[in-house]
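**Student:** Have a look at this one.
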Amino acid sequence: MINVTDLTKSFGKNEVLKGISTTVEKGEVVALIGPSGSGKSTFLRCLNLLETPTSGTITIDGTAITDPKTDIARVRQRIGMVFQHFHLFPHMTVLDNITFAPTQVKGIPLAEAQARAKELLARVGLSDKADSFPSRLSGGQKQRVAIARSLAMEPDIMLFDEPTSALDPEMVKEVLNVIRGLAGGGMTMLIVTHEMKFAREAADTIYFMDDGRLVERTKPEQFFAKPQSDRAARFLEQVL
Amino acid sequence: MNRKKLLPIFFSLIAAVVLLLGIGPALPSGTAGLSAVSAEGEDAAPAAGEKKKLVMGTSPDYPPYENVDAKNNGEIVGMDIDIAKYITGRLGYELEIASMDFNGLIAALQTGRVDFVMSAMSATDERRQNVDFSDIYYVARNTIVSKKDAPLATLESLSGKRVGAQLGSTQDLFAETIEGAELKKLNKIPDLIQELNSGRIDAAIVEDAVAIEMTSANPGLVMNFLPAESDENGYAIAFPKNSPIVGDFNGILAEMNENGKMDDIVQTWFPDGEEKEARGLNIDFSVLKGYIPFILKGVYVTLLFTLVSALFGLIWGSILSLFKISGIKPLEWFATAYTSVFRGTPLLVQLTLIYYATPQLIHYEIPALMAAGLAFGLNSAAYLSETIRGGIMAVDKGQREAAIALGVPYRKMMVRIIFPQALRNILPALVNECVALLKESSLVSVIGVTELMRRADVVRSIEFRSFEVLLFVAAIYYVLVLILTSFARMLERRLRRSD
């Protein structure tokens with residue numbers, strides 16, 4: 001479904017991604033782990049072109065999104081993204097946050113979009129918050145709304161950029177449960193995370209990144225039992 | 001992709017460039033080219049003849065020659081007006097009166113805004129270089145007005161004194177010939193009175209009719225007539241160079257002098273021995289009696305003007321701020337240059353240029369209120385574009401990323417996501433700008449827009465009293481600002497309900 005070939009990304013002289021190639025299958029759940037500064041987030045942000053790759057190609061369902069002729073906005077509609085700091089629109093209610101893109105981008109009638117938004121809110125357990133403003137919500141609630149907002153565009157792929165890193169510990173679980181639910185539903189997902197337990201349980205594949213390279217790409221049970229590289233072993237030693 | 005969407009913005013850019021280029025060449029053409037101006041006069045006159053309507057320019061702050069009848073319907077009345085009505089009536093024209101500042105009258109003739117000027121204007125040699133004059137219809141005597149406790153009666157006594165005169169008036173020219181006097185030029189007669197009363201000048205040179213009114217309204221002042229000057233200082237009707245109607249006017253003037261009509265009119269406006277009731281020295285708000293409805297009508301004009309220029313400034317300022325963050329170099333340069341020019345030159349200069357240059361450049365008779373709205377809008381946009389840019393930059397970068405990730409197009413993202421948040425950030429600054437606009441609107445009285453300040457000036461010129469009127473309009477401005485501020489507070493509360 002997603003094909004990445006020789007992807008590099010530099011910010012000025014600083015080469016953050018040093019040639020990444022991989023394939024993600026439909027329905028596959030990938031957990032990206034690795035030390036900070038290893039390029040996990042940059043890799044994720046390249047997949048919906050929030051960062052423009054310096055070289056290499058990314059193909060989604062046969063469409064080369066790195067080709068300048070491709071309509072990026074259409075591609076982005078198929079890719080949902082959830083950020084570490086939620087980025088809800090603070091001047092809109094929860095319901096308006098969720099219906100904004102479907103009505104404004106896809107032209108779905110408001111009533112239909114609202115009905116769908118309410119279903120999504122029920123799914124993330126926030127039916128009672130439809131008319132609240134984001135400032136009234138806890139971090140965990142905000143992140144669940146952000147997930148619902150992305151899902152409202154009915155994407156084929158979901159990208160999560162450290163979705164629980166900005167949360168108080170007691171709120172991590174409610175968010176992870178929602179993501180776990182999505183994984184069970186067959187969504188293709190890439191998740192940058194520091195939650196090792198979650199990565200082990202929910203992911204189909206672990207990508208271990210270090211210094212701009214995809215060092216290891218294995219099943220979680222194998223990765224956590226016996227990592228192939230020294231660097232991964234050292235990393236696991238530090239975080240577990 | 002994003003560049004295509006900026007296409008409509010390009011069009012407004014082009015329009016703005018055209019406007020800016022248009023103002024540029026106005027600078028030389030405003031001062032030079034007598035031949036071009038006179039050619040224009042020739043064009044305008046026959047056209048005016050066809051429509052059988054003549055527009056007369058006058059500065060209605062000089063009773064009894066011309067002033068606004070503020071106590072009644074606000075019409076312009078006076079001796080000059082009666083003479084003009086008589087002449088145009090006899091020649092079969094319809095008369096339309098255009099009110100403007102005395103200093104702008106000659107420019108109005110040259111730009112064809114008016115067909116002739118009657119405003120107690122003396123036919124001086126300087127003026128003759130730019131306009132044509134009719135025969136003299138009235139000769140006024142120069143008069144020294146001074147304080148009762150330090151009276152000055154003769155020209156000789158003025159040596160070494162500070163002497164005031166109205167800028168651009170005949171007395172201004174006359175005062176320059178007084179030996180040893182230090183001359184101070186002021187815009188309006190009421191300003192002269194204030195300067196006299198506060199002791200900043202020792203005497204004012206005005207003409208007889210004005211002196212009579214000044215002294216009767218201000219018992220602390222006395223007047224001394226000077227011997228009548230030669231005929232060359234008499235009042236005459238001014239026309240554009242080579243205007244074909246001068247001869248017709250002269251014919252009727254001669255007829256009026258013969259049949260006694262002129263004397264009748266002069267008698268109506270210069271009644272013998274009339275003495276106004278002397279008032280107390282201090283502030284007396286009963287002066288305002290009868291003028292209040294007239295002044296209050298200015299509130300509507302002031303508010304309309306503020307609203308139009310604020311809206312225009314906000315929209316154009318938003319577009320400029322988008323230029324500045326567009327990442328497209330020519331747009332960025334344009335917006336930066338625009339801001340630099342409009343912030344770096346005085347508003348009053350911009351206003352005057354736009355008002356007088358537009359008719360000459362694009363042959364559009366821009367109404368004073370529109371010229372004022374345009375000038376203030378263009379100026380305020382320069383300031384607002386920086387404020388708005390700051391507001392946009394202050395919106396969290398993540399907002400943009402979230403919108404992009406959802407596939408929201410650039411324009412919708414700016415309008416629906418970024419702007420509302422930026423607006424909330426800059427609301428206090430916007431309110432400041434509106435308050436400033438509201439108060440600065442008093443500047444537009446110079447081009448004759450009859451807003452609050454202009455109306456106050458009118459009343460000052462009739463009553464020859466200043467403090468009462470000025471305090472009254474100051475209070476009105478203050479109340480307007482209070483109302484505006486409380487509206488803004490309501491709006492801010494509404495915008496902050498999401499906090």
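A Cβ is built for glycine as well, from the same backbone N, Cα and C atoms used for every other residue.
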**Student:** From B:5-26, B:335-356, B:401-422, B:423-444, which range did TrEMBL mark with transmembrane segment?
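**Tutor:** In TrEMBL, the transmembrane segment feature sits at B:335-356.
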**Student:** Looking only at residues six or more beyond either end of the transmembrane segment (B:299-323), which have a C-beta under 8 A from one in the stretch?
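**Tutor:** For the transmembrane segment (B:299-323), the list is 9, 12-13, 331-332, 334-335, 338-339, 369, 372-374, 376-389, 392, 414, 419, 430, 433-434, 437-438, 441, 444, 449-452, 476, 480.
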**Student:** Quickly jot the same-chain residues contacting the transmembrane segment (B:469-491) by Cβ under 8 Å, restricted to those at least six beyond its ends, or write none.
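**Tutor:** Here the qualifying positions are 283, 285, 287-288, 291-292, 295-296, 298-299, 302-303, 427, 430-431, 434-435, 438-439, 442, 452-453, 455-456, 459-460, 463.
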